[in-house]
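Colleague: Take a look at what TrEMBL says about it:
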TRANSMEM  20-41  transmembrane segment
TRANSMEM  62-84  transmembrane segment
TRANSMEM  90-115  transmembrane segment
DISULFID  153-186  disulfide bond
DISULFID  154-170  disulfide bond
TRANSMEM  233-254  transmembrane segment
């Protein structure tokens, strides 16, 4: 890999150090994500036995954290070094990757809008597969609990989805204490209780369905998210636009710096 530096370089310091500042944030964020992910894996013993990840039927949230960390670290590093060293190869890599990510985001948004039923089915399959692995991983458990509490929902389409989990299954073959129950995150919170009752969902589904809504949320998380999106469409759109503008700004800085470097190179050879 080669880079170009010239004693009489006239590359704009403004664009050079602005791009460096832009990327140092991504690089540091990538370091944080990687650090958190590796720490979480070390706490669960995954670093000493990587097969623990493949044993799960659902998804380990730490994997997503690590993937985001790797992408941000790599892009931040390429952008920082490319800007400081005036390295056209690294700058092209940074710029091309940001463009690719931008169009992938755009394609996902368009396809999600056009094929809503397909997205709904995939989300249901994703949620159900993670319900099965609810007790297999503490991070996955916390993720599902947070989702259910935040959206006041239970299961993908309702509390009965928890029959998919071996611990909450209502079949006669189960000897679990949580049999015919739901996780505590499905319970309607009691304002008078200051301590979370993690056993509030025990035996709830033994009762008549007409009484379920007195103690647990009966709406599925898919319906909850579908009703949440229209109410918060401007927030979602604003976040998407903000991220897109940041990406476009990074692309603009990188392309401008590449043009400056190429112009200096052409003048130098001339």
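Numbers run from 1 along the shown chain.
Note that Cβ sites are derived from N, Cα and C of the backbone, with glycine treated the same way.
All TrEMBL annotations are machine predictions without curation.
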Colleague: Using other CB atoms within 10 angstroms as the count, which residue among the disulfide-bonded residues 153, 154, 170, 186 scores least?
Modeller: 170
Colleague: Checking distant contacts: for the transmembrane segment (20-41), what same-chain residues at least six beyond its ends satisfy Cβ-Cβ under 8 A?
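Modeller: Contacts with the transmembrane segment (20-41): 47, 62, 65-66, 68-80, 83-84, 94, 139, 249-250, 253.
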Colleague: Give me the Cα-Cα distance between residue 186 (disulfide bond) and residue 154 (disulfide bond), rounded to a whole Å.
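Modeller: Pair distance, Cα basis, whole Å: 5 Å.
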Colleague: Whole-number answer please: how many Å between the C-alpha atoms of residue 153 (disulfide bond) and residue 170 (disulfide bond)?
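Modeller: The Cα atom of residue 153 (disulfide bond) is 20 Å away from the Cα atom of residue 170 (disulfide bond).
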